[in-house]
């Protein structure tokens with residue numbers, strides 16, 4: 001696999017025209033030149049056309065960190081992306097100049113035991129777009145391994161291609177939880193990841209889905225996108241007991257799998273209490289690094305807690321879902337911006353405000 005274009009390199013013939021959005025400090029983004037590495041034999045150079053803003057991007061902007069990842073030097077932001085190939089390496093046979101592609105943003109080592117087991121998303125040497133110190137993809141162009149670029153079918157837009165990244169989180173979560181036609185699903189959180197997890201669950205033939213959030217606007221969107229029931233809750237831990245009853249009533253039967261797409265004390269406590277004996281709670285969101293939750297009662301009911309980190313081998317299935325119409329991600333894109341300094345600043349401010357903004361997309 002090629003080396004990719006995630007760090008500054010030497011000898012790019014397009015360096016004079018390649019600009020990127022650099023995170024240079026708290027709440028400070030600057031569009032500045034980004035020097036690309038040369039295209040290796042297994043790489044492609046891609047002109048970015050659609051790049052989405054992820055919650056992690058906003059975390060980095062507001063705090064210069066996300067979970068244990070800390071930005072110590074200026075970094076190009078962005079990792080949800082699709083574009084058009086402008087140059088291919090000499091060993092690349094399955095892609096040609098002009099192909100529209102969605103990019104899987106993580107390069108693993110392919111040598112460690114985890115990679116050999118197929119769990120490359122857990123590779124300790126992973127180089128992932130916009131995860132410090134690795135640069136991201138909110139740029140005019142990037143260089144990336146061809147094997148991580150997936151050709152878009154004719155009926156899938158570049159914006160939908162960029163949405164394969166967040167959708168992959170939901171698809172991987174559904175695989176980890178082994179949902180199917182006999183699985184009733186509860187989703188905690190109606191933000192972008194909660195919504196794509198809901199859409200993925202439906203594509204996996206889940207018969208009944210209840211989604212929970214504190215925000216009535218996001219719940220309304222969830223209902224429009226196909227949630228069977230929505231439940232508005234509070235942020236108060238004292239309300240867990242009464243809200244669990246409300247959620248279980250809304251489901252109307254056992255809750256087999258709960259996806260916690262927020263990752264807070266309250267949501268995890270609710271998930272553990274609401275899920276049936278012998279069910280699964282899948283931790284998708286990473287809101288709190290450390291949580292205090294009632295694990296002992298959950299253990300006594302043999303509720304399995306399943307971790308989810310990014311994704312693996314999901315792009316082909318995501319594209320299949322989009323092509324077939326099983327999943328429609330277009331309604332999730334609520335705001336669009338160009339790639340000027342002001343538009344970049346406005347886009348991140350819009351995304352940070354939340355509520356009415358689900359997915360903010362750059363059109364380059």
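In case you wondered, yes, glycine gets a Cβ from its N, Cα and C as well.
These features come from Swiss-Prot:
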type	residues	note
BINDING	54, 79, 80	Zn(2+) binding site
BINDING	60, 165, 310, 311	substrate binding site
BINDING	193, 213, 218, 284, 285, 286, 308, 309, 310	NAD(+) binding site
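The CA atom of residue 308 (NAD(+) binding site) is located 18 Å away from the CA atom of residue 80 (Zn(2+) binding site).
In the structure shown, across all protein chains, 80 is the one of the binding-site residues 80, 165 with the greatest number of other Cβ atoms within 10 Å. Cβ neighbour counts within 10 Å, taken over all protein chains shown, single out 79 as the most crowded of the binding-site residues 79, 218, 310.
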